[in-house]
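Working notes, beginning with the structure itself.
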């Protein structure tokens, strides 16, 4: 019988913004954001909690953020600095386990099931890691401790900033009952809306539906919903995880009737893609661009082109070519980049979006 796993999710608090406030103390307690210049149609990569009180969030166009908060202090992205801090923190984590799965520069999963550090207590390990990060880097981190990855990630967000939460194995069944379905991995606003139409607001509501019904209603996602609603997630912490692509997509409440409508929403998708790329940090370089369209008959097409940078004109062309394949209203539109896989560990910084 396999031992109950001890999974920790470490999530740095407002990582980029926190580094800016540490390096420039005069910014403390002021609303600040890290991102691109509004004059060049930049987007917010992250912001501190003071800025979030104004409704500012990551992936928001900088121009809109400045309208929400005229006092917002905009800092340029210093990716080399953030990467250096991330590397230091990563090296610290390796003192506790070799089973580390980085998700981005500022978060990672740790499997400490077999660790003998801190008398084998995952709770104490998380506390010690957070304390050492603050003592050595003057940065705060939040942590979630649970028997699996999904619950650990949910827990790390529970007492942010600078807090941690433990979900014990014996408490999982009770914990998930009142958990809003929007907290589940893969449940975005659109899926939450679909579940809400079935009067599913919590995991307890979701548990009332059979696996057969959920599979019929939501396809493969139905299996995932069935398991997550019961606190089940058997995915291992994967140290060899290599990112192959970065993408964003949106399912629209009203179908996009023509290619012009698809092109009209492209700037928003590009802003979100840029923010996601910035969050990923150092990557191995771009191999190609791709566009995905799902039509209102649920048929799907993907079209791509070899490119070493993101180009708005090329994305517009791909959307037009993809739409022409069926010429029907589009219910889902996505854009993304595929990454070079050779020399993965000789990664280079992503060039800025070519607008």
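Backbone N, Cα and C define each Cβ position, glycine as well.
Per Swiss-Prot, active site is recorded for 107. Sequence annotations record features per position, and here Swiss-Prot assigns Mg(2+) binding site to 11, 106 based on sequence analysis. Sequence annotations record features per position, and here Swiss-Prot assigns domain 'UmuC' to 7-188. For 16, the entry in Swiss-Prot reads site 'Substrate discrimination'.
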In the chain carrying residue 11 (Mg(2+) binding site), residues 6 or more apart in sequence that have Cβ under 8 angstroms from it: 106, 107, 141, 142, 143, 144, 153, 156, 157, 160
Can you check how the pLDDT averages out over the domain 'UmuC' (7-188)? 94
Please report the three-state DSSP label of the residue listed as 'active site'. strand
What are the non-local neighbours of residue 16 (site 'Substrate discrimination'), defined as same-chain residues 6+ apart in sequence with CB under 8 A from its CB? 34, 45, 46, 77, 78, 82, 106
Tell me, how many other CB atoms lie within 10 A of the CB of residue 107 (active site), whichever protein chain they belong to? 19
Tell me the Cβ neighbour count for residue 106 (Mg(2+) binding site), meaning other Cβ atoms within 10 Å of its Cβ, over all protein chains shown. 24
